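Q: Below, the features straight out of Swiss-Prot:
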type: ACT_SITE; residues: ASP311; note: active site, proton acceptor
type: COMPBIAS; residues: 560-571; note: compositional bias 'Polar residues'
type: COMPBIAS; residues: 572-590; note: compositional bias 'Low complexity'
type: DOMAIN; residues: 186-448; note: domain 'Protein kinase'
type: MOD_RES; residues: SER136; note: phosphoserine
type: MOD_RES; residues: SER484; note: phosphoserine
type: MOD_RES; residues: THR485; note: phosphothreonine
type: MOD_RES; residues: SER579; note: phosphoserine
type: REGION; residues: 1-185; note: region 'N-terminal'
type: REGION; residues: 20-39; note: region 'Interaction with calmodulin'
type: REGION; residues: 546-565; note: region 'Sufficient for membrane localization'
type: REGION; residues: 558-590; note: region 'Disordered'
Amino acid sequence: MELENIVANTVLLKAREGGGGKRKGKSKKWKEILKFPHINQCEDLRRTIDRDYYSLCDKQPIGRLLFRQFCETRPGLECYIQFLDLVAEYEITPDENLGAKGKEIMTKYLSPKSPVFIAQVGQDLVSQTEKKLLQSPCKELFSACAQSVHDYLKGDPFHEYLDSMYFDRFLQWKWLERQPVTKNTFRQYRVLGKGGFGEVCACQVRATGKMYACKRLEKKRIKKRKGESMALNEKQILEKVNSQFVVNLAYAYETKDALCLVLTIMNGGDLKFHIYNMGNPGFEEERALFYAAEILCGLEDLHRENTVYRDLKPENILLDDYGHIRISDLGLAVKIPEGDLIRGRVGTVGYMAPEVLNNQRYGLSPDYWGLGCLIYEMIEGQSPFRGRKEKVKREEVDRRVLETEEVYSPKFSEEAKSICNMLLTKDSKQRLGCQEEGAAEVKRHPFFRNMNFKRLEAGMLDPPFVPDPRAVYCKDVLDIEQFSTVKGVNLDHTDDDFYSKFSTGSVPIPWQNEMIETECFKELNVFGPNGTLSPDLNRSQPPEPPKKGLFHRLFRRQHQNNSKSSPTPKTSCNHRINSNHINSNSTGSS
């Protein structure tokens, strides 16, 4: 039994390392799988695609790179891209260097004497920006200038781009992105854990070698529990939220027995494991602060979509290979209608906010309560209203949440105690983060005084702990309890509408990021010599005929051999046919 676990872990680790070969986990046929269609095959896509500048040239990663390549080939446009790059660099510059970096931008791009002067930024705006730079430079100083540049680029340059070979290439990538996704798109590895409707296992995309976690939702189990709306809700929220602090949905597909969500794989284990199983319970405050900042950024991204998470607890915060965290398991998350409040007594005992326990109407407030619980537990090594391994009834834990104050040990600095106290305020109207500014108010608390959130969001800060790349941070294969067989449930055509809403294939932004991160984009995005069209982009050149399969080649070779060996006289041929006919009948009657 131990051997089975060792084998499963060894195979998984080898896959995570890229298989040890030059292809880094890619299939031998990866270029064939990702072969561009001829541009003539993309005409339907050209007619139906939403021609929005921000979607095509800014939000979508491959679209952004191709628009950049287009601008670099047009005289006078390259400086606009360089300006936007420098503004992005300015926004993650340490505060003490903002003045010098801002002056560099003003001199190089916003001065009429400069050879790369950007005239599209109005002189009044330039004067205002220069004045603010001298008074007190801030991260958002050049935001309005950058917007002016985008306003220019989305005009004539964007329309020229739509008629260029770079946009044609983007259509080819979109065609690949929209190809059907099945279980054969992936290699499957060991089970990592259990979800509400089925197992979670590691998987790898054959074409790119990228590792993911596949969350299987068994169709019969969903139907038996009437969990269709819950499963579809989680899928749609994951699809919409594109955050580096929340697990991303990359693919959604179905098999005969299950619906599958293919998600960011988090190899470093969950916070519960690290709080309680790595030395003394709890973290040093510096480490707790780093995780709290990343969790806060994840909540901010969810709240931007008007989505409340409702299940913050250590088990749902996962670490990746590098030690960064992501919020996982959005099964209880819900989108709040604009200008409305919701009601629902859901969550985990000891982490539910007072307004949830009292079944009151609420907005985003339960998530700030949950953040307070997490910060407290990371520092103290136990949750604020329940001792470690304390056996206590649910009703008693709920009473403590509603009536008692949390106790702070010497482990807490004044700033840590203050932020926990303000986040764990019983009255949600008085709670930190529950005013109009939301997460921005929490970020300004002295606890985060030394945290540069811009650099954190840009992935430029090193985590305080890096998981061991040779470790598998999950239970042994045989210790993960298996689901029992669902009986008495039949699937029929009435379920097909739900399955079609769920099984939508690739999710654009994660899929495009995958192509870039695995260097498939770099290797395949090739044009003709000296900026000319490649054959697959040449409308006047017919597409290559598809390669014949193995069986076709074998059949053709056999047919040629038979033709060479068959006798030429007609009588012989008839005799051979008759003989075969006789043999066939003889065989049939024996």
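From the backbone N, Cα and C atoms, a Cβ is placed for every residue, glycine too.
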Q: Please report the Cα separation of SER136 (phosphoserine) and the residue listed as 'active site, proton acceptor' in Å, rounded to an integer.
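A: Rounded to a whole number, the Cα-Cα distance is 40 Å.
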Q: Averaged over the region 'N-terminal' (1-185), what pLDDT does the predicted model reach?
A: 91
Q: If you draw a 10 Å sphere on the Cβ of the residue listed as 'active site, proton acceptor', how many other Cβ atoms land inside?
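A: If we count other Cβ atoms within 10 Å of the residue listed as 'active site, proton acceptor', we arrive at 22.
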Q: Around the Cβ of SER136 (phosphoserine), how many other Cβ atoms lie within 10 Å? Please give the count over every shown protein chain.
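A: Within a 10 Å radius of the Cβ of SER136 (phosphoserine) lie 9 other Cβ atoms.
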